[in-house]
Amino acid sequence: MSQFTSSYDPTSFEARLYAAWEAAGHFKPSGTGQPYTILLPPPNVTGTLHMGHAFQQTLMDALVRYHRMCGDDTLWQVGTDHAGIATEMVVSRNVVLEGHGETRDSLGRDGFINKVWEWKQQSGDTIERQMRRLGVSADWSRSTFTMDPQPSAAVTEAFVRWYEAGLIYRGQRLVNWDPVLKTAISDLEVENVAEEGMLWSIRYPLSDGVTYEHVEHDAAGNEILRETRDSLIVATTRPETLLGDTAVMVHPEDRRYTALIGKTVTLPLTGRHIPVIGDAYVDPTFGTGVVKVTPAHDFNDYQIGLRHRLPMIQVLDDAACIVSKTSIQSGMPSGATSDTTNTPSDPEASSAANQHDTLVMPAHLAGLDRYAARKQILADLDAQGLLVAAIPHTLQVPRGDRTGQVIEPYLTAQWFVKMETLAARGLALVERGAVTFVPPNWINTYRHWMENIQDWCISRQLWWGHRIPAWFDTQGGVYVGRSEAEVRAKHALGPEVTLTQDNDVLETWFSSQLWPFSTLGWPDPTAMAEHGYARYLPSSVLVTGFDIIFFWVARMIMATDHFTGNVPFHDVYITGLIRDAQGQKMSKSKGNVLDPLDIIDGITLDDLVAKRTTGLMQPKLAEKIAKATRKEFPEGIAPHGADALRFTIAALATHGRDIKFDLGRAEGYKNFCNKLWNATRFVLMNTADDTAHSPAQHQAGQDGQDAPRTPQPRTDAEQWILSRLTAITAEAHAQFAAYRFDLLAQALYEFAWNEFCDWFVELAKPALNSDDTQAAASTRHTLLYVLETLLRLLHPLIPFITEELWRQVAPRLGIQATTLMLRPYPQPQQLETAAFANAAADVEWLKIMVSALRRIRSTLNVPPSRRVSLLLQGDQEVDRRRITHFATALHFLLKLEHIDWLGADSAAPPSATAIVGTLKLLVPLEGLIDVDAERVRLDKEIKRVESEIDKSNGKLSNAVFVQNAPAAVVEQERSRLTEWTTQLNGLRERRATL
């Protein structure tokens, strides 16, 4: 047993305890019991722990620790993601910063990848070290990196199988394109930002001198304009893509333009004739009701182009500059099947069958950046009298989350997965309950995405990642296989056939979707047996955020179903998004990010300011952020310890969409830990000579571990606390099952702070100080027993302090086990219902009595050592019985000189008064306080009780409440009103005597 310090200092034991747990192998699966598995959403290997990580990992760890204590065979599968784009950016920047004159491109693919592995070896485990500081009890020996050989083999296998099943194809499609990284990116990597822009109106002349009668009507249908026009006025926010227009579009029921559908207009600056088409996509009320259609540069236009079989003209290159020439591609969707003879190897070849003409761009525009091209095109339009108007307009601008650059819809050859069949099965699994969402409303989000799914672009133009297992010959034929050797053998390709592997890699989500089973050895049977594939799949629960329900959760369900015939997990617990105390999203640019390690270990103000202002994408914000930080944290952030942060997270974990993190809550829960520490010191000091360590005081538990003897209570206070302990134990199990960590934390907090620390410790003092040695011994044992049980109840949420305290308490109960984390989680005890219920009711009455009299003492500023007299008036037999029964406790707890009863008609001296039910409590004021002050106190109390009566009357006069609330609740409210009314009458009567 280590030395027990007098004050709570988490720095003195948290790191020590974690190292001991890990060294002893306590985090590893036991191999016995019911399997309980949790998958950690693998954080980026480039990353550091942020509040979102800390939030989810705390809840996961609580579940794992709880189920481990329940005897389950727990596996928390952890690992990191190779994070293709993020890692490539970090290492590319580092290569330049090393100052050797090297760049990513100068190193070449192999040299650069070697640099990435070097970097990963040096700093790739940062986030796992930080997770340990939080208390994550994962089996680190099974930590997996998505680029490790086993998961890499799984990626190749999955790609080949899907390709052979006809689910993967290569085709020309529109994708999100980052012109800085020069790669396709996923929707999740695109942030739509509201920005101020312009809406330009451009005149598109009708072909061949055609004119039409343009008529406008107001909302009532009255004609307000009629004129002959020879052009259509098109509204657009992107004039730089005008060169790629292949139609203009109106709503088919817009009376202004219906006669023009099927006609053509002359595309400005080009002389090309493009059709006027009708499509219900158009909003007739937006702009002029006429929009340009540029299928190669807008996602909505792309779909419209497919519907109307419009040509597609790509006018921007991969750097978002105007091309010098381009091909007109037909409006047929491009994409090869799994036939290994017809999939081309590059964008030019992939659409060869769909090309029928070549366009040369205006020479003065070729090579211009898109924004320079916009400026020039607008100038050209204005010079030709075709620019009608430009008005300010707020629009959603898609920006890459890595580079901050505006993302371009870009037509390029990529690899895709056909999703329709996979999605139908994935949706059916959830609909029939094979996978359950918590809270259940998130199934609607899942359903919406699955019912509106598009084929998935899985290729990325990067070097770091899983290289696509496809090889091209010189004729553009593609061959997919697990290796080049397999490809050559399967297709009888001799050495004279030159094969070149695809340069692209698979997007990170492709490997992440295999996480539930690739981490368990799939597809290698030997590895599967070693990793417990059959035992640990499906996992029990996935804890994740709502923002990746589609990108990760849905894909895991689909992939696991297809490749294993199983579901990846039974439950999906969706957490909210952590925001700051004002409800704002935490972001570097806002300067409101909180680092969980700074909350745990503390940080000086200067270091905090430096952390928040370094590396800003907008350096001009630094001064504002520094000023706000100094105002909010004038002393920096004090260390709170891991437990205080964890308990804060649990308490905040509602089932809502957004969660406001307030550092003040962490301070409050640090105080809670301190309260628990001091209560334990009290118990230990008062049980130092106890005999609880003798063999008679403990018994063998059902699991073979030593278990403390169940108390045989000799006092009402013991019976009360044991009944409350049983109730709180049952509630803890229920809240864990419901993933209601907030209600769990609240219940345990109330029990620990109010019922155990504040009340039972106080109520135990009379017995501990009495001459009744049996009652004293029983109380000491119950103190230890309840405290030890409470520490076990709290352990999943606050593992460090509970372990440290338990190691002091356990020996007093004769427990031989060496660690709390492997002790059984408490189970509700079977109590003698009637006896315990009666004792509990009596103690609740005693608590009210003590509280009422302490309020009087506090209000009157009576010194704690000053003894007072208590006069009682009332005719309830139960009150007289309780007063007699608890006389010793009342004298001890309230510093009473004596207790006397007054007759109903007896005149009482001037007294401070309180009412408990029908019992009137009077503390004579003579020599105690100023009578005027007592009048003020009574007036205040009368107002308080009147307010409570108003609340009850309000409820009972509400027909909806009376009709819909359970009868017991309504009756309880009526009883409460009666009690308040009785109290008010007594208070007014007493006030009248002063």
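In case you wondered, yes, glycine gets a Cβ from its N, Cα and C as well.
Per Swiss-Prot, the features are as follows:
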- LYS588: ATP binding site (BINDING)
- 928-994: coiled coil (COILED)
- 329-345: compositional bias 'Polar residues' (COMPBIAS)
- 696-707: compositional bias 'Low complexity' (COMPBIAS)
- 329-355: region 'Disordered' (REGION)
- 692-714: region 'Disordered' (REGION)
- 43-53: motif ''HIGH' region' (MOTIF)
- 585-589: motif ''KMSKS' region' (MOTIF)
Counts of helix, strand and coil residues, the motif ''HIGH' region' (43-53), according to DSSP: 3 helix, 1 strand, 7 coil
Cβ-Cβ under 8 Å with the motif ''HIGH' region' (43-53): same-chain residues at least 6 beyond its ends: 80-83, 86-87, 90, 120, 124, 126-127, 130-131, 134, 145, 545, 577-578, 586, 593-597, 661
Helix, strand and coil counts within the motif ''KMSKS' region' (585-589) (DSSP): 0 helix, 1 strand, 4 coil
Cβ neighbours of LYS588 (ATP binding site) where a neighbour is any other Cβ within 10 Å: 17
Averaged pLDDT, computed only over the residues in the motif ''KMSKS' region' (585-589): 79
